[in-house]
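Among the features that TrEMBL reports, active site, proton acceptor is placed at H284. Feature annotation from TrEMBL assigns glyoxylate binding site to Y46, Y152, R187, K260, H284, R287. Here TrEMBL flags P99, V100, G101, S128, Q150, T178, S282, D315, S316, G317, V318, R319, G338, R339 as FMN binding site. The annotation domain 'FMN hydroxy acid dehydrogenase' is assigned in TrEMBL to 20-387.
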Amino acid sequence: MAERFGGYQNEIYLQGLAGTTPALSTDLTALEESAAAVLTPEALGYVAGGAGAGATMRANREAFDRWKIVPRMLTGATDRDLTTTLFGAELPAPVLLAPVGVQSIVHPDGELATARAAAGMGLPMILSTASTRTIEQVAEANGDGPRWFQLYWPNDQDVTASILERAHKAGYTTLVVTLDTWSLAWRPRDLDRAYLPFIRNEGTAIAMSDPAFRARLAKTPEDDAATAILQWVGMFTGTDHSWDQLVVLRELWDGPIVLKGIQHVDDARRAADAGMNGVVVSNHGGRQVDGALGALEALPGIAQAVGDQLEVLFDSGVRTGSDVIKALALGAKAVLLGRPFVYGLALGGEDGVRHVLRSLLADLDLTLALAGHRTAAALTPSALVRG
Ligand SMILES: Cc1cc2nc3c(=O)[nH]c(=O)nc-3n(C[C@H](O)[C@H](O)[C@H](O)COP(=O)(O)O)c2cc1C
């Protein structure tokens, strides 16, 4: 039988009888404010901030607000089944942990805590190229959990090949290639503090531990960190790639490939033409192009155009169970959760991430039921109206 995620609600109320309340809010939109009290201004700005004036971050939330759920009654939604299948693997719910770099700036356990919490829930963690732990360390913490690897595509093919080989060996099954961040956007909250984690050697663990990258250096990173860091930053940012180069990644990766950062129907079609297996409709949480469309606005057209050829995933602005329902109804097969789990990590390490995931899934389960639906897969646009 499928797991009853809504049971977290009873668990919390019953703990109340013993005088206990949740350590972190169950309102995931409130966590940024709580995290502000424990994070350095630099770390908070890096996580919460976006490109330019923040218009795209606002657009992401406004796009969700424009769609309304229309609840249906007496549909027999007592027993729900949130399971879904992605690339042949069954997931307990249509939720993955988005790739988020430099997690040590919010909690000393960083990606290891996230990997443990994700594994405990059976939800895929997508490890960022900008991790503060190595590919192998995170795999060990993740154990038998499902894990995917996100690539910031280096402009050096040997280094790319080496990183992908390590990820494959360490049990990461699916490759997510992020296309929207080949160069860093204008991010005033970071610029005003002259704060970029990478040049402080945060989020460089994968490169610094990579044999092909190290072979490029005149001196080891241990002997000359500054030169190594600058070389790596120049390798993974600053170079745009082209559609015809995807064939190289196809040769280097023997498994599903998902392109992240797709916002135009034609780009989604090109992904299908290039033999890719999925896309993440995403604007990187409004961190790249200020004044861009809300990611959810792009979803229905893309799902309609390529949903029968590719797995269509979604992120940017997902905060509640109802957000997940809206994204699924508009054609996403699953969503990636971003900032909320990072705030959970900041506030409570592994337990904090687990609380955020359990809260989201409980909210999803209960809202799905009360809207009159039994499975996530049964959601179609007819579950919504545009208001
Ligand atoms: C602090 C932070 C770091 C991120 N690092 C990465 C990364 O290394 N690779 C990547 O593909 N996306 C990265 N993202 C983008 C997320 O994967 C995801 O697209 C975004 O968080 C979705 O927006 P939301 O968190 O507002 O829902 C990062 C996002 C944040 C907030």
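Using N, Cα and C of the backbone, Cβ positions are placed for all residues, glycine too.
Automatic, uncurated: that is what TrEMBL annotation is.
The structure, with features from TrEMBL marked on it.
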{"residue": "Y46", "record": "glyoxylate binding site", "DSSP class": "helix"}
{"residue": "G101", "record": "FMN binding site", "DSSP class": "coil"}
{"residue": "Q150", "record": "FMN binding site", "DSSP class": "strand"}
{"residue": "R187", "record": "glyoxylate binding site", "DSSP class": "coil"}
{"residue": "K260", "record": "glyoxylate binding site", "DSSP class": "strand"}
{"residue": "S282", "record": "FMN binding site", "DSSP class": "coil"}
{"residue": "R287", "record": "glyoxylate binding site", "DSSP class": "coil"}
{"residue": "V318", "record": "FMN binding site", "DSSP class": "coil"}
{"residue": "G338", "record": "FMN binding site", "DSSP class": "coil"}
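Taking only the Cα positions, the spacing between Y46 (glyoxylate binding site) and Q150 (FMN binding site) is 19 angstrom. Sequence-distant contacts of G101 (FMN binding site), defined as residues of its own chain at least six apart whose C-beta falls under 8 angstroms from its C-beta, comprise S128, T129, A130, S131, T132, P197, G203.
Taking every protein chain shown into account, Q150, S282, S316 are the binding-site residues, and of these the Cβ with the most other Cβ atoms within 10 Å belongs to S316.
On the 0 to 100 pLDDT scale, the domain 'FMN hydroxy acid dehydrogenase' (20-387) averages 98 in the predicted structure. Considering only the recorded positions Q150, H284, S316, V318, G338, R187 (glyoxylate binding site) has H284 as its nearest partner by CA-CA distance. When the Cα of G338 (FMN binding site) is compared against those of the recorded positions Y152, K260, H284, R287, the shortest separation belongs to H284.
Candidates Y152, K260, H284, R287 (recorded positions) were compared with V318 (FMN binding site); none lies inside 10 Å Cα-Cα. Cα proximity to S316 (FMN binding site) (within 10 Å) is found for the following recorded positions from Y152, K260, H284: H284.
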